[in-house]
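Visitor: Encoded as C-alpha cells, here's the structure I'll be asking about.
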Amino acid sequence: GLAVGTQYGMKNQTSINEFILLGFSYGLQVQTLLYLVFLVTYMVTITENAIIIFVVKRNNHLQKPMYYFLGNLSFLEIWYVSVTLPRLLFGFWSQSMTISFSSCMTQLYFFIALMCTECVLLAVMAYDRYLAVCHPLRYTAIMTHKLCFQLSILSWAGGFSISLVKVSFISRLSFCGPQVINHFFCDISPVLNLSCTDMSLAETVDFALALVILLVPLLVIVFSYCCILSTILCMPSAQGRRKAFSTCTSHFTVVIIFFSATLFMYARPRRIHPFNLNKIVSVFYAVFTPALNPLIYCLRNKEVKEILRKIIGTSCCA
C-alpha cells in the first residue's frame with residue numbers, strides 16, 4: 001500500500017505541464033524602468049540589424065564574403081533577441097510569468113540553436129579573415145559564393161542539430177514542484193535544477209556538447225588569429241599592417257564579448273552556478289550584446305560607415 005501511495009505521489013508530483021518564470025522580482029518602479037530599457041533595447045536591436053541586412057543586400061560594394069557572413073549574423077541576432085525578449089516584455093506588462101512545458105522546451109531549443117549557430121558562424125568569419133589577410137592572392141579563388149553558402153548552411157545546420165540533441169535529453173526528464181524557474185527565460189541550468197529524476201546523462205550530454213560547440217570554433221578562431229597576427233607583423237609597411245588589422249578588429253571584439261560570456265555560462269558543471277549571477281550575465285549576452293554587435297561592426301568599418309552616410313544624406317536631401 002505504501003509503495004502504491006509513494007508511486008502515486010511521485011506520478012502526481014511529476015505531472016508538471018507549466019512553469020513560472022521568476023524573472024526580475026523587484027518593485028513596480030524598478031520593473032517599469034526595466035520594461036522600458038528592454039523595450040528600447042529590443043527595438044534598437046531589430047532596427048540596427050535590419051539596417052545592416054538592407055545595406056549589405058542593396059549595395060554592390062558590399063557583395064563580399066565578409067559582408068555576406070555579417071548579414072547572416074545580423075539575421076541571427078534578430079531571432080536571437082526575439083526568442084526571449086517579447087515574452088519577457090509581455091510578462092512585465094501582464095504580470096503573468098507562466099510558461100507551458102512545450103513553450104519552455106521550444107524557447108530553450110531555439111535559444112540554444114541560435115547560440116550554437118553563432119559560435120560556428122564566428123569561426124567561419126575568422127576563417128574568412130584568415131584567408132583575406134594570409135592568402136590575399138588566392139582569397140577570391142577559395143572563398144567563392146558556393147563556399148560562402150556552404151559555410152553558412154554548415155553554421156545553421158550544426159547549431160540547430162546540436163540543440164536538438166541537447167533539448168531531446170532535457171525534455172525526457174521528469175520535473176517536480178515548486179515549478180519556479182529562477183530566470184527570465186527557459187535556460188538549461190535553471191530548467192535542469194527542477195528535475196526530480198536522475199539528470200546525470202542529460203547533464204553529461206549537455207556539458208560535452210557545450211564544450212564541443214564552444215571549443216572547436218574557439219580553436220579555429222585562435223588558430224586563425226595567430227596566423228593573422230604573424231602575417232601582419234611580417235608586413236613591411238605600417239599602412240599595410242594598419243589596413244589588415246582594421247579588417248579584423250570588429251570581428252575580434254565581437255568574439256571576445258560573445259565567448260567570454262558563453263564560456264562562463266555553459267562550459268562548466270551546472271551545480272556551481274549562482275543563479276542571480278546567471279541572470280546578470282544572461283541579460284548581457286542575450287539582450288545587450290545583439291544591440292552592441294551592429295554598432296561594433298559599423299563604427300569600426302569604413303565601407304559600412306560611408307554607405308550609411310550616403311543613404312542618410314540621400315534621405316535627408318529627398
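The backbone N, Cα and C atoms fix where each Cβ goes, and this holds for glycine too.
Pasting the feature list from TrEMBL:
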| type | residues | note |
| --- | --- | --- |
| DOMAIN | 48-297 | domain 'G-protein coupled receptors family 1 profile' |
| TRANSMEM | 33-55 | transmembrane segment |
| TRANSMEM | 67-88 | transmembrane segment |
| TRANSMEM | 108-127 | transmembrane segment |
| TRANSMEM | 147-165 | transmembrane segment |
| TRANSMEM | 207-232 | transmembrane segment |
| TRANSMEM | 244-267 | transmembrane segment |
| TRANSMEM | 279-299 | transmembrane segment |
Visitor: Per-residue pLDDT averaged over the domain 'G-protein coupled receptors family 1 profile' (48-297) comes to what?
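Guide: Looking only at the domain 'G-protein coupled receptors family 1 profile' (48-297), pLDDT averages out to 87.
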Visitor: Would you kindly check 108-127, 147-165, 207-232, 244-267 and say which stretch has the most C-beta pairs under 8 angstroms to the transmembrane segment (67-88)?
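Guide: When the Cβ pairs under 8 Å are tallied, 108-127 comes out ahead.
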Visitor: Counting Cβ pairs under 8 Å that sit 6 or more residues apart, are there three or more between the transmembrane segment (33-55) and the transmembrane segment (279-299)?
Guide: yes
Visitor: At a C-beta cut-off of under 8 Å, are there same-chain residues at least 6 beyond the transmembrane segment (147-165) that contact it? List them, or none.
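Guide: 65, 68-69, 72, 109-110, 112-121, 124, 127, 205, 209, 212-213.
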Visitor: May I ask for the residues of the chain that lie six or more residues beyond the transmembrane segment (207-232) and have a Cβ under 8 Å from a Cβ within it?
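Guide: Distal contacts: 116, 119-120, 122-123, 126-127, 129-130, 133-134, 158-159, 162, 165-166, 241, 244-245, 248, 252, 255, 259, 262-263, 266-267, 269-270.
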